[in-house]
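Novice: Below is the structure I would like to discuss, written out as structure tokens.
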Amino acid sequence: MHENTQIQNDNKFNEVMAGSGKFKPSRFSVAPMLDWTDRHCRYFHRLLSKEALLYTEMVTTGAIIHGKGDYLAYNEHEHPLALQLGGSDPQALAQCAKIAQERGYDEINLNVGCPSDRVQNGRFGACLMGDAALVADCVKSMQDVVDVPVTVKTRIGIDEQDSYAFLCDFIDTVVKNSECDNFVIHARKAWLSGLSPKENREIPPLDYPRVYQLKKDFPQLTISINGGIKSLEEAKQHLQYVDGVMVGREAYQNPSILAQVDRELFDQTVPVMNTVDAIKALYPYIEQELSKGTYLGHVTRHILGIFQGIPGARQWRRHLSENAHKPGADVMVVEKALEMVTERL
Ligand SMILES: Cc1cc2nc3c(=O)[nH]c(=O)nc-3n(C[C@H](O)[C@H](O)[C@H](O)COP(=O)(O)O)c2cc1C
């Protein structure tokens, strides 16, 4: 890359990043998504919104304690950043939470919503909804060793245990036996057998009023709503009833909505982030990562959807998809793809 371009990009980068790094309660967050919200994805999302709380993919206690890789690696610019843990052994969770706090994570979140068989065999994820006392133990043992907030992401029910009374009992038990005061609720139940994780994100019907009612009945808790939210207009509607909105698939597949989050949901005086500028601000990161041996496609797979609905979007996607995996592919592949969009603006 030309030196002047590098300097301009560095300036843009600093401008984009200025002000990030402070933790705020989660009025808007991007959901934890396995294989999607990895560190490259989060870095990119942070370029689009300084305010959104970002979640890691679920990381199991087993991976952190026994794994060979560094599952907690992230870039300082990703703050505010929550680590989502998967596990159900209070001691292992406490050990991992402590490590995560030392590594600088701003929040620890316990996964009580994932319905996959693999997770159920480890007795964690959504099946933990059936054992609220254990969830409380898990949360408490983490709270005993960290100062950062420990939060829970859960569903509105599991299998036949799907009444509002069941959900209230679950929350009540966790709250009374730990100091947890912050829950993210995916507004649909999970079927623990018979449906794939993907189907469990689509088939059980969404029930937003149930989550609103929960906030009414537990007004002292911070309640965020999740599931099927596709626009910031919808997010604003939800925020009339709950404290926070978590968006998953739409934020990943159409990340340009994140460019409007700071202005629309946090501070009307900040400008909407320009998506072309955000891509350019990613160049220094890409170069840094390539120099460490990262493969270009591992970064660019997260940016494919950024120009959704804009002329040139198809060419952008195609150029990246066809070229990012080639040996020696570097930032010029992205520059070239971007031209296919900017020349039509
Ligand atoms: C590819 C993918 C991976 C996911 N992985 C996780 C995960 O690791 N932990 C978790 O709590 N939820 C996970 N989820 C569920 C999301 O966090 C979210 O609850 C769900 O997608 C509903 O929100 P949405 O309709 O805004 O996408 C995943 C979802 C997707 C699409």
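Residue positions begin at 1 at the first shown residue.
Glycine too: its Cβ is placed from the backbone N, Cα and C atoms.
Values in this document were obtained by computation on a predicted structure and should not be read as measured data.
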Novice: Figure out which of Lys68, Lys153, Lys280, Lys292 sits with Pro32, Met33, Leu34, Gln84, His186, Asn226, Gly227, Gly228, Gly248, Arg249 in the FMN site per TrEMBL.
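Specialist: Only hit among Lys68, Lys153, Lys280, Lys292 in TrEMBL's FMN site, alongside Pro32, Met33, Leu34, Gln84, His186, Asn226, Gly227, Gly228, Gly248, Arg249: Lys153.
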Novice: Restricting to the chain of Arg314 (site 'Interacts with tRNA') and a gap of 6 or more, list residues whose Cβ falls under 8 Å of its Cβ, or answer none.
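Specialist: Those within reach of Arg314 (site 'Interacts with tRNA'), by Cβ under 8 Å and sequence separation of 6 or more, number none.
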Novice: Scan Lys198, Arg314, Arg317 for recorded sites whose C-beta lands under 6 Å from an atom of ligand 1 and note them, or write none.
Specialist: none
Novice: Roughly how many angstrom lie between the C-alpha atoms of Cys114 (active site, proton donor) and Lys153 (FMN binding site)?
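Specialist: Roughly 9 Å, rounded to the nearest whole number.
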Novice: Which whole-number mean pLDDT does the model give the domain 'DUS-like FMN-binding' (30-337)?
Specialist: 96
